Amino acid sequence: MSRTIVVTSGKGGVGKTTVTANLGVCLSELGSKVLLIDADTGLRNLDLMLGLENRIVFNCFDFLDGKCTIEQTLVRDKQTEGDLLLLSLTKNREERSLSEDEMIGIISKLREKFDFILIDSPAGIDEGFRISIAAAEEALVVITPELASIRDADKVIGLLLSKQIEKVNLVINRVRPEMVQRNNMISVDDIVDILSTNIIGVIPEDKNIIISTNRGEPIVKDKNKSLISQSLKDTARRITGQKIPFLDLESHWIKRLFFKRQRS
Ligand code: ADP
Ligand code: MG
């Protein structure tokens, strides 16, 4: 059975596109057929993060205008083991944007070909958000441990529920255990109390993301075994229904500090 999941947040810059690209790679490496849809027509950077920016030939309007088949609008990521494809909902020259009905039509044509369709949504709760959620049955809400992000997520969760999207899971991104320890950052437990929504992923802050983004290679492909990579892989497994315990980021952080001190 196919699952269509919108990756959303309310607040921009919290890591939706990063999470979508990495979970796409992980889910396809776990054996699922995965389609990623870039519904952030304004910023459109899912193709960059996957290193596919030069491979897009047709967009969804070419399909809607009868110039190509729906399959021709999909770009396959040949660098990833398994089936990972990308559909970019770029605006055409007339800046026409997709309607909710057109989005529903496109997804219904593609649904049976994939196990997972992940839709990367733009920031905000306006038109782009409405189109992104139009055909979704589930949502991943990405937040960072900051009040502004949590408040926006609260609003978004309310909107999702009002659209009958009831299966909502949280991904907490850019967690810095050392700041939580010093009481300078909101903890995961506090977030659970505020949002009372199930948490499916806790992803640490990692400055190496910049390198992977610039290379067009999601960080989970990195050969170095990093905490961020492990936490993204665990999140993908939880999405498929596996019961995976959460990494204890705090104790990992303390261990790292301890070894650093021992070495110095
Ligand atoms: P969004 O799609 O929500 O706007 P992006 O995925 O584009 O957010 O990420 C915004 C910025 O945050 C990017 O520069 C990205 O590299 C950075 N970023 C995302 N996740 C992390 C992380 N876990 N650690 C460090 N930087 C991150
Ligand atoms: Mg984005």
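Every residue, even glycine, has its Cβ placed from backbone N, Cα and C.
Note: TrEMBL annotation is automatic and uncurated.
Look at TrEMBL and you will find LYS11, GLY12, GLY13, VAL14, GLY15, LYS16, THR17, THR18 tagged as ATP binding site. Per TrEMBL, the feature domain 'CobQ/CobB/MinD/ParA nucleotide binding' maps to 5-219.
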- Query: Ranking the binding-site residues LYS11, LYS16 by other Cβ atoms within 10 Å, which is at the bottom?
  - Reply: LYS11
- What three-state class does DSSP give LYS16 (ATP binding site)? helix
- On a count of neighbouring CB atoms within 10 A, which of the binding-site residues GLY12, GLY13, GLY15 is highest? GLY15
- Query: Which of these binding-site residues (LYS11, GLY12, THR17) have a C-beta closer than 6 Å to some atom of ligand 1?
  - Reply: GLY12, THR17
- Item | Contacting binding-site residues for ligand 2, chosen from LYS11, GLY13, VAL14, GLY15, THR18 when the Cβ sits under 6 angstroms of any of its atoms | none
- Query: In the same chain, outside LYS11, GLY12, GLY13, VAL14, GLY15, LYS16, THR17, THR18, whose C-beta lies within 8 angstroms of the Cβ mean position for the ATP site?
  - Reply: SER9, VAL19, ALA123, VAL142, ASN173
- Task: Tell me the Cβ neighbour count for VAL14 (ATP binding site), meaning other Cβ atoms within 10 Å of its Cβ, over all protein chains shown.
- Result: 25
- Message: Are there any residues at least 6 positions away along the chain from THR17 (ATP binding site) with a Cβ closer than 8 Å to its Cβ? List them or say none.
- Response: ASP40, LEU43, ASN45, LEU46, MET49, ASP120
- Under 8 Å by Cβ from THR18 (ATP binding site), counting only residues of that chain that are 6 or more apart: MET49, ASN173, ILE209, THR213, PRO218, ILE219
